[in-house]
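Contents: one structure, followed by commentary.
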Amino acid sequence: MTQQNSGDSLTPVERWLLLTGNRSTVITLVLFCIFVVTGVLVQTGIVYVGPGSSLQSTLSGGVFSGLLTLITVALSINQLVLSRVFGSPNELSDQLDGNLQFRENVEDLAGVDVSPNDPGSFLALIADELEARAAKLDRHISESDQSFDADFSAFSRELVQYADHLGDAEGSDNTLEVLYISLGIEYADHIDTTRKLQRRHGDQLSEAAFDHLDAILELLKSVAVVRQFFKTLAIQQDLAELSRRLVYSGVVAVLLTYYLSGVYTASSSLPTTLSAGTMPLVITVATPLLLSPLVVLVSYLLRAATVALYTTSVGSFVPPEEKIETA
């Protein structure tokens with residue numbers, strides 16, 4: 001994949017953890033680390049879980065109420081997602097008309113009857129047409145033998161490289177992967193360069209060259225719009241999956257908390273219903289399960305927040321925080 005902005009502050013590990021990594025894999029890895037750390041702390045005696053431990057009050061108090069709060073968070077997330085998909089017939093009709101109009105604009109530029117309806121192929125269609133228009137523009141400028149030929153040649157080369165990068169979305173069936181490919185501020189830089197060339201040399205260009213330059217501007221604007229739309233789709237899908245996983249893991253954690261609280265008794269002759277030798281293993285295994293709702297919540301919200309950080313702007317005013325390397 002072509003390297004983009006060198007201003008990215010994310011290392012490959014951070015990029016995988018915050019953006020591209022499968023959430024199930026990330027969650028499993030974090031829970032395994034919690035399992036290992038808990039096992040070490042329990043076995044070394046740093047964390048005491050035997051008779052007289054304060055674990056019972058922790059389970060029945062803070063942990064239990066915290067888990068109930070997380071389940072409430074899941075309900076709130078569900079409401080947020082549903083609020084985006086519900087609407088009156090007029091609202092839904094207007095939204096559909098807007099989507100179709102946007103696709104028709106891209107279809108007219110690309111000269112195709114119908115554009116693909118999956119994100120990866122649609123972005124690849126824009127990339128292919130952007131590359132073709134850049135090549136045609138470069139050819140027209142070269143044939144005209146203008147003094148500004150070097151400026152347009154460099155512009156065309158950069159556009160072809162950018163289009164080749166966007167073309168990596170072809171065949172991808174993951175909306176988030178397509179969104180990740182479109183991250184960065186190249187589209188805004190190219191929009192500014194296109195507008196600058198139009199203002200400086202527009203009256204000196206042939207009609208065909210000017211049309212290609214104008215089409216390039218419209219295609220770059222389409223990239224700006226479509227990546228925001230893909231962001232909406234990706235975050236909605238993530239939030240819907242998050243709420244479902246929070247319910248699953250939350251119910252298991254609440255039940256486990258309830259049963260573990262009953263292991264500790266007030267009887268001096270039988271302080272725990274399980275043997276003292278069994279308790280360390282039980283707590284070591286139970287701790288990751290108890291913390292799984294929190295890990296699920298953090299893993300998904302970190303990705304949503306990271307995506308939002310790098311796709312804040314739609315236009316040519318781009319905050320420095322959006323600079324990211326998508327190599």
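Including glycine, each Cβ sits where the backbone N, Cα and C put it.
The annotation transmembrane segment is assigned in TrEMBL to 25-50, 62-82, 246-267, 279-302.
It is 246-267 that, among the stretches 25-50, 246-267, 279-302, forms the most Cβ pairs under 8 Å with the transmembrane segment (62-82).
Long-range contacts of the transmembrane segment (279-302) within the same chain: residues 17-18, 23, 26-27, 30-32, 34-35, 38-39, 42-43, 49-50, 55, 63, 66-67, 70-71, 73, 238-239, 241-242, 245-246, 249-250, 252-253, 256-257, 260, 263, 272, each at least 6 residues beyond the stretch ends and with a Cβ under 8 Å from a Cβ of the stretch.
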